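Have a look at the structure below, then the notes.
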Amino acid sequence: MMRCAVRGGGAHVVIGERRSPSSSSPGSGRSVVRMSEGRGGLCCGGVRSRAADLAGLEMGRPSAGAAGLFRSTRYGRVRATASADPEDIPSDKLQAKSSGSVLPYVGVACLGAILFGYHLGVVNGALEYLSKDLGIAENAVLQGWVVSTTLAGATVGSFTGGALADKLGRTRTFILDAIPLAVGAFLSATAQDVRTMIIGRLLAGIGIGISSALVPLYISEISPTEIRGALGTINQLFICIGILAALVAGLPLAQNPAWWRTMFGISIVPSILLALGMAVSPESPRWLFQQGKISQAEAAIKKLYGKEKVTEVMYDLKASGQGSNEPDANWFDLFSKRYWKVVSVGAALFLLQQLAGINAVVYYSTSVFRSAGIASDVAASALVGAANVFGTMIASSLMDKQGRKSLLITSFSGMVLSFLQ
């Protein structure tokens, strides 16, 4: 049976027991609906409960008097007091089929992931040539600053990206993020001295730091539940694709030493596309709902999934907002006894991965191959980038089948064996 109370303007609706077909009562097989008149003498021929919407139970169309009851606050006025018997609800109506598509908007967001990887890897092949043009070929310290300044900016950006996204919204933050990405790329491409190059790299680093926090957040919030897991790994895949693109972009350097400027300038194009794409992309329905912008959240859901999913997604957002009574954790809580084990394991995984030397490969593989006597040093680096993409694709396809732990063990074991060669 199902019992649902809808309170608003004094109305009270009760959906009574659903009787079995074998009953001899004239009302057999139908839900009994009683409408009691509350304050103001509200009376109508029937209402469509939002809980009934979700279950696929269709009642009478609302009259003009009850229409105001289910406007902007309708999702907050429905309170289920018992669960429905699954056998009473047609299985084909438990979940409406989506008629929208989130993939174009996921693709726009992934431009941020591509730029993240590109700005990390672009200095790999270009470092030798830009060092000669900027007069720092014999200064390893300044070369290190050119490489590492991006990471310093990314650290700052990663701490501010989440706060900006919560305050301004996801799409606005993306548009704002395109500014340091484009300006940093322009300064790097046109730099005539090392100071301008470092400033450009710092701005680009801030941009990719913001996108590192924003891209997975936006993708997870707009992805439907049935493909959310598959799209969860797409951010890392496109970061690797960005690194590969930067390494491939360095192939003409051997014939054109000034090509390094073009390599940095290329990234201006996806930065602009990111801003333009986000200008027409829907805002995260979850963020809009949290801000109390119900009508805008409904419009975003309709654009992402189709109008058939509006009721279901809004109901899920309401349920998730009330699902936990625990207060939000702060930074200091991460070091408490309750969380120290999880935090330690997660931090150790990231730390050990970095200490394995992947950053040195991303930034200096071309120099390493050149020192090893490999003539096609840039091409060899591109092959390393291709292997990185290939490994990410394999991990993404096996993650749900093999489990995270077994893949981590296999991955680290393979790294150990490669170092022993």
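Placement of Cβ uses the backbone N, Cα and C atoms for every residue, glycine included.
Curation plays no part in TrEMBL annotations; they are all automatic predictions.
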*asked:* Quick test of your reading of TrEMBL: among 48-70, 140-162, where does it put transmembrane segment?
replied: 140-162
*asked:* Applying the under-8 angstroms CB criterion, which one of 102-120, 140-162, 198-219, 259-280, 378-399 scores highest with the transmembrane segment (342-366)?
replied: 378-399
*Out of 102-120, 140-162, 259-280, 378-399, which stretch has the largest tally of CB pairs under 8 angstroms to the transmembrane segment (198-219)?*
140-162
